Amino acid sequence: MEQAPNMAEPRGPVDHGVQIRFITEPVSGAEMGTLRRGGRRPAKDARASTYGVAVRVQGIAGQPFVVLNSGEKGGDSFGVQIKGANDQGASGALSSDLELPENPYSQVKGFPAPSQSSTSDEEPGAYWNGKLLRSHSQASLAGPGPVDPSNRSNSMLELAPKVASPGSTIDTAPLSSVDSLINKFDSQLGGQARGRTGRRTRMLPPEQRKRSKSLDSRLPRDTFEERERQSTNHWTSSTKYDNHVGTSKQPAQSQNLSPLSGFSRSRQTQDWVLQSFEEPRRSAQDPTMLQFKSTPDLLRDQQEAAPPGSVDHMKATIYGILREGSSESETSVRRKVSLVLEKMQPLVMVSSGSTKAVAGQGELTRKVEELQRKLDEEVKKRQKLEPSQVGLERQLEEKTEECSRLQELLERRKGEAQQSNKELQNMKRLLDQGEDLRHGLETQVMELQNKLKHVQGPEPAKEVLLKDLLETRELLEEVLEGKQRVEEQLRLRERELTALKGALKEEVASRDQEVEHVRQQYQRDTEQLRRSMQDATQDHAVLEAERQKMSALVRGLQRELEETSEETGHWQSMFQKNKEDLRATKQELLQLRMEKEEMEEELGEKIEVLQRELEQARASAGDTRQVEVLKKELLRTQEELKELQAERQSQEVAGRHRDRELEKQLAVLRVEADRGRELEEQNLQLQKTLQQLRQDCEEASKAKMVAEAEATVLGQRRAAVETTLRETQEENDEFRRRILGLEQQLKETRGLVDGGEAVEARLRDKLQRLEAEKQQLEEALNASQEEEGSLAAAKRALEARLEEAQRGLARLGQEQQTLNRALEEEGKQREVLRRGKAELEEQKRLLDRTVDRLNKELEKIGEDSKQALQQLQAQLEDYKEKARREVADAQRQAKDWASEAEKTSGGLSRLQDEIQRLRQALQASQAERDTARLDKELLAQRLQGLEQEAENKKRSQDDRARQLKGLEEKVSRLETELDEEKNTVELLTDRVNRGRDQVDQLRTELMQERSARQDLECDKISLERQNKDLKTRLASSEGFQKPSASLSQLESQNQLLQERLQAEEREKTVLQSTNRKLERKVKELSIQIEDERQHVNDQKDQLSLRVKALKRQVDEAEEEIERLDGLRKKAQREVEEQHEVNEQLQARIKSLEKDSWRKASRSAAESALKNEGLSSDEEFDSVYDPSSIASLLTESNLQTSSC
């Protein structure tokens, strides 16, 4: 459409060529009105009865003009001009002029603009409404009726899509003259005039010989002659295309038909040829390739062209048209015909290839756009994940600061422990001093007895007194022997405890060695598993099996959650029982206090009675010397009693100080327990952060191009957080071990204090028992918390193992279930032990030691379970690393797929370039068929490479299957190791049963001790009776006897009794103080138990929430796996589509080769029929009738659709 204004300008002489005009019969106004293209009506008035053929030959200078008709200037004529490679919008390729100008070279308005600008059928605005014109649509060529011109234009545009050409491709060459051609015609015929009689004398100025000065100004001046050569080439090719129109006029004249019918058939032939072949040839070919050889002399140009052969009917028709009205030789006309047909062949080949290339190019551009959009989405996702990195680093810094603070607190605790050790040594020294004093008092008592023996006389009263003294001494000895027996029993129990400690330590060491060996073996196995599982993620069947196993694992986690809830209920019931036990001990302490007060009252009364008796004895004594001696002895004994009382008071003060220290240490233990809870809360926070990290990982897994780097960073951060968690757990364990050491030291100090008196020892033992119970409760709470933490860690690890192999997940689930069962059995055993402890509450001295021993055994069992859980955690961490590596491998594979897609896109672009080169080569000549073959070989090589890659992938899948079999064997071996662990747990249960038997034995011993206590109380009562008897005897003897040596003996007995009373008072005070302390401790323990129960409930709620979160994350992980599987399938489909595109390209190359071979064979066959000279109009019509043209067009369409 851009050329329409240019064609409307005044035109000078055009290029070399021939213009053929048909002079028609008069037709109706309606019919002739439709023949206009530019809106003008032909002038039919002056030449209503003229007809014939007018041939106009244009010379070198544009002067000669030959017309073969009736001699009149006007007349309906149709000019056909066929050009070579021209711009898309050139409408002058086919021209029909309804008026023959008088002399187109003498005036500027020789060719009317409408006629020149509207004759091309390629213009969308062109139309034909004549009754005898056939449609130009290739789909309706076989049809009889006319069709809408819009359909004709659109079909032509669809057959040969227009490609926009730059402005430089417009034919801007000046119209050179053809004087040389006309002069040559004149010289060959001996100066005989051709066409019109007169030579045109008027010469056009040079500026009118150009089409457009504005267009010529685009090119430099030095290309002017080159454009002249091109313009001559256009006119030469134009003439060869359109010369067949003339012969269709002859049968119209002979049969008295409308002259438009023959024209319509010739116009149809011209239209489908030009519409389907000229447009792609202009857009695809380089003008340099289609620059035909042209010279100013048309005859010499025709002689140099070698005809490749064409259809004989067309050749005859064009030959007749060129021959009529011309005086040229027969050889020159035949050369023109062959040249016209030669230019039509490459256009036929170009038409089929252009539509295929455009379709393939559109598909490739769509794929490139889709890949670019995916890349942009991945970049955006990566930018979203970057802010989470800063928060994780900040959390790691906070955790390191907390670890440093905990280390400082540990150092302070060490200093406090050393100070407590020093205080315990001081207390031990004081106890030794008290023992020395006791031995001194016993020696003094012995001396007094010896003195009494010397003073003894034959009187019967003295003998009675001696007997009483002997009896009292025997009783005292029996009491001392009972005390020694009790102390020996205590020493035996302590030795047994030390022996049990050593055995437990040895067993713990052996257990640690076994666990270390198993851990090393497991690390080696897991390393091999990690190496073997790196390439297993592409297997579809394995992914499906893993998904099913993960659903089963979620159900197992739910069962574990129910078991943990049952365990928490069990712990609550235990806490309630312990609380009841503490209440019972409190009642017992109150009862003891009341008994002690009663004993103090009785002793006070006895002391008052003895003092009154002594005063009476002094008043009645006659011998002053004996009285003085007795007074001195009494003073000495009173001073010794005062010293003993002072020592007792100092010991009591030391005991109070020790009790305060114990309370401080208990407070420290509470602080440590609170700190442990804080650490557990921090662990929960860390678990929350880990859950957030997992969510980030799930979001990062959606980014195929970026997920590898993100996964490695998240893995490192997760490992750092897990190391911090492990460090905090280790610190907690170390704190607990140190607390246990301190408590053992406290027990040793209590054992030293037990060497004083039996009552004080019993009370201290009871205190130890209560503290041991508290410790047991704390340890039970810590064990439950650790078990909950281990369960949470196991769940977290199991969540991370969603992407691991199926058998590894099943094995870990079984191991965890077995450990949970072992923990349940241990809990049951603990419950049985606590029931035994409830039965042994009344046992004062031996029960607490047996309970301590059992607690130590339970601690060992808990440590074994902790070690097993730590081993599981290490295994889970290894599996986490393996999962991260698998994710990294999957991301690398995704990148490989993306790179393959980019390579395929690059390969497609290269294939497009090759297709373009192949099209140009096919348009240029058959010689470029070798390059197409080379391209075909390259494509075959690429297909072979892709097939080899597929085979390599299959081999890698087979290798992965073998590796999975090896993994199954390793899993079976680990299961056997788990069975061994079960056996060790059974051994531990047997050991606990043995401890239970020992508890029963200690119970019997406690009953024996109780019976001994009752015997001692009976002895005490008997001694009191004897004392009363002695008092009565002393009163009766004082009435009728003088004071004698027996008085001193009685006074010594009184002193002994006073000492015993004082000892009883001191014991009473100690009991009261210890009872008060025990009451306070019982209250504190009850409060602590309530707090711990609340904490356990909170942990239970947190566990339930965490399990729900784990379920949700498992579902999300399954969805992510399905999404990745879909992406992988999509990538495979794209690769398969690329294979199909390659196969289509190969098929297209083969079809093009077949077409070229077919056309070569056809040209060879037609060259054989070249000399037959078929010139009849009927034969031409039989070859170019609508049915044959439709068959040709449908054949080209079939070729296009097959590509």
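Glycine is treated like the rest: Cβ placed from N, Cα and C.
What you are looking at is a predicted structure, and each value in this text was computed from that prediction instead of being measured.
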Of the residues SER214, SER237, SER909, the one that Swiss-Prot lists under phosphoserine: SER214
Phosphoserine: annotated position in Swiss-Prot, out of SER254, SER404, SER1175: SER1175
Residue from SER217, SER238, SER248 to which Swiss-Prot assigns phosphoserine: SER217
Annotated phosphoserine residue, as Swiss-Prot has it, among SER28, SER276, SER899, SER1191: SER276
Region 'Tail' per Swiss-Prot - which of 516-558, 645-687, 731-773, 1161-1203: 1161-1203
Predicted model, mean pLDDT over the coiled coil (358-1160): 70
